[in-house]
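Visitor: Dropping a structure here in structure tokens format, bear with me for questions.
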Amino acid sequence: LLCLCCRAASERLRYAIPEELARGSLVGPLARDLGLSPDQLPARKLQVASAGKKHLKYFTVNEENGNLYVSERLDREELCGESASCSVSFEALVHNPLNVFPVEVTIEDVNDNSPAFSRDALDLEIGEWSLPGARFPLEMAQDVDVGSNSQLTYQLTSNPSFSLALTENPGGVKQPELVLERALDREKKSSLELVLAAVDGGDPVRSGTVQIRVNVTDANDNSPVFSKRVYEARVAENLPAGSLVLLVRATDADAGSNGRISYSFGNVPVAIRQLFTVDSESGEVRTAGPLDFEDKSKYNFGLEARDGGGLTGHCHVQIDVTDENDNAPEITILSLSSPVPEDAPVGTVVALLKVRDRDSGENGQVSCELSGEAPLSIVASSGGSYKVVTASALDREQAGELRVTLVGRDRGRPALWSSRELVLEVSDVNDNAPVFEEDTYSAYVRENNAAGALVLRVQARDADAGANGRVSYWLAGGSAGAAGAAPLVSVEARSGAVYAQRSLDYEQCREFAVAVRAQDGGAPARSSTATVRVFVLDQNDNAPRVLWPTAASPAAPGAAAAAAAAPFEVVPRSAEAGYLVAKVVAVDADAGRNAWLSYELVQASEPALFRVGLHSGEVRTARAVSDRDAAKQRLVAVVKDHGQPALSATATLHVVLADSLQEALPELSERAAGADAPAELQFYLVLALALLSALFLLSLALALLARLRRA
């Protein structure tokens, strides 16, 4: 297939059609000649393209069958003028893969133009002294067709005095001449009228006529004669108007007005009169308008010399226009593949262009190159076409737009050049994973926070664009000891905000870590993870807990409850100041300052007898025990932490002043009995209140009943 494509790219497809075809006429099966089946047409996108935009309007390709059709009327004379050959060249463009094929359509001439004379009538002055056999050149007709359609023959109406002769000039064109068959006699007939018909060689033939009015005059028996039958000149294009091209000269042997010569154009097209002028007296041929080699390189026309007696002479002028390097190369972008995916392999064709220079020779030989820093290169193809391909890997994150300048140069002296900017967009592919701003995040949260409180916000950036750069966040796992990490926090998918799922407790979990995964929206998706370490800060939410002395158990009944109501210590009455009575032991589940404890004695039967250590909790005697001190002492100590606000707990200690345990037992029994008295008193008070209430209600009911009875 590669060999076939290479051969197709180098060979030019040629078609031939007659001019003046109707719109929609078939030119040829373009798709079939390119080797494309109907099933391939939608994918290959066959179309026509041309560096010369004016050629595109004449042809179109049917998208269904791939045939080439005429889209606008073709006039060969309008397109190519007098050129012997006429063709329209353009390119057939196919995609997937991208390639270009040169196509040439030859426009064949049809006989659609009749021969025409420049004037409706030709006036000839012929002296009666002219001898039989004298020849009088006549004006030639013009036929804008080419080939056999422009080959003219002439016919003259029958007249005994004249006949028609044809002579061939150096250009192969037949010149009609009127031949005098017998002498004229002005006295018998002073004028004659003839009809000259020009017939072309087409099928069917076309013709044109001109009337010849012959005026028989006296004694101008010499016609003007040019020094040459053919004048040749070579001039450069772009000559300024009024420049001298050549000088023609004719002589006339007659004298007086019969020998005075004036120069003029013969039967020439209007385009010749717009480009050249001839001085009627000097015979100087000068430029009247700009000459352009690219439009036409050769001009042929006839000049006429007429004397005062009406006799004429003719010559042929041939002017060759030489090329100048006056046209810069034209760069036409035939196809552009934009945007280009950034993962396109090296050598991918991104643009197809054509460089054309209307000049000829070295002036029309062109080259094209790229200017600018971009991973692109240019490769020459056939027929002046070039392909722009990727030279290295593309990266949208480094350059989302490729901007280069196409420069076309010719080989003229001096060389001319032109440029055109080529802009390509690079489309994104998902080749970058999200990147977190930090590998490890640290957050500090106070315990007892509200559920749903913001812990911190993580952020990852993805250099890709669109969905490939849209980042979502997920929890990928973590560790938080026995408590577990999953139920503690959650992450918002769009913003990356990490929220606490529930209230945190420093005493249960002091720190934990979770892994957050950032994932983009590409296919396949790319992701990365970061570690979030959450440190729980302690708050003073735990009051001190007294371990000793222990509080009384409310469930213990009777004497056992009295014995266990509160711990007691026996202090001998011989104890001195500083005697260690007991030690209050307390703990705080908080940490730091919130767990620093201080002790203070807030209530005592004898305040001056005991003291408690501020930090140790040791209860000691403040002085020596005396006999006046009561045997039973009750001490209440408060334990405070250093939190804000501070929390506290109380401890009650009973002290018995006795030298021995046997001595202290009666005191303990009385304390137990005394403990039951308040409860018994409370019972009797409640019972009395209930009886009084019942008597009041009964009296009220009896009074109401008696009042109703009287009524």
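Positions of Cβ are set from backbone N, Cα and C atoms, glycine also.
According to TrEMBL, the protein has these features:
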DOMAIN    9-117  domain 'Cadherin'
DOMAIN    118-226  domain 'Cadherin'
DOMAIN    227-331  domain 'Cadherin'
DOMAIN    332-436  domain 'Cadherin'
DOMAIN    437-546  domain 'Cadherin'
DOMAIN    571-668  domain 'Cadherin'
TRANSMEM  683-706  transmembrane segment
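Mind running through what each feature is packed against?
Guide: For the domain 'Cadherin' (9-117), the mean pLDDT of the prediction comes to 85.
Across the domain 'Cadherin' (118-226), DSSP assigns 4 helix, 52 strand, 53 coil.
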Visitor: For the domain 'Cadherin' (227-331), give the DSSP counts of helix residues, strand residues and coil residues.
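Guide: Summed over the domain 'Cadherin' (227-331), the classes give 10 helix, 46 strand, 49 coil.
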Visitor: With helix taken as DSSP H, G or I, strand as E or B and everything else coil, how many residues of the domain 'Cadherin' (437-546) land in each class?
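Guide: Within the domain 'Cadherin' (437-546) the tally stands at 4 helix, 54 strand, 52 coil.
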